[in-house]
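A.B. asks: Before anything else, here's the structure in question.
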Amino acid sequence: MNMDFNLFMNDIVRQARQEITAAGYTELKTAEEVDEALTKKGTTLVMVNSVCGCAGGIARPAAYHSVHYDKRPDQLVTVFAGQDKEATARARDYFEGYPPSSPSFAILKDGKIMKMVERHEIEGHEPMAVVAKLQEAFEEYCEEV
């Protein structure tokens, strides 16, 4: 049974990774990759991915749909909570003033946290409500593409 569960979870993780990278997000798997990405000039949207139901049913669809907008971040990146622990911990160091939360979204500008959309703003909400929250932040912090 343990072997079956591990295979099942590996499949879930693989699918979760594929969904977010297919949406145009770059996976960051090490602390060094996080530092390189999050210290770049411009705006960055970080999606903290997760295997929970609200990640698959709400956060990842919102991550995909939110960026189809006139104003959007310069780069889209993702870390995977519970999987890429070093990268996730390092990304959370940039989210000053916010407790760890997954799934979640962070908008950074020139390496500084501007806005978080935390799990409590995702779980129990419709994907389009999360899209609206993200696009509201894009209006405030991002340039027109």
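Just so it is clear, glycine is given a Cβ too, placed from its N, Cα and C backbone atoms.
The shown structure was predicted, so the numbers you read here are calculated from the model rather than taken from an experiment.
Taken from Swiss-Prot, the feature disulfide bond applies to C52-C54, supported by experimental evidence. Marked as S-bacillithiol cysteine disulfide by Swiss-Prot on the basis of experimental evidence: C52. According to Swiss-Prot, the active site, nucleophile annotation covers C52, C54.
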A.B. asks: If H, G and I count as helix, E and B as strand, and all else as coil, what does DSSP give for C52 (disulfide bond)?
C.D. replies: coil
A.B. asks: Under 8 Å Cβ-Cβ from C54 (disulfide bond), six or more apart in the same chain: what's there?
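C.D. replies: Sequence-distant Cβ neighbours: P103, R119, I122, E123, G124.
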A.B. asks: Tell me, how many other CB atoms lie within 10 A of the CB of C52 (disulfide bond), whichever protein chain they belong to?
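C.D. replies: The answer is 18.
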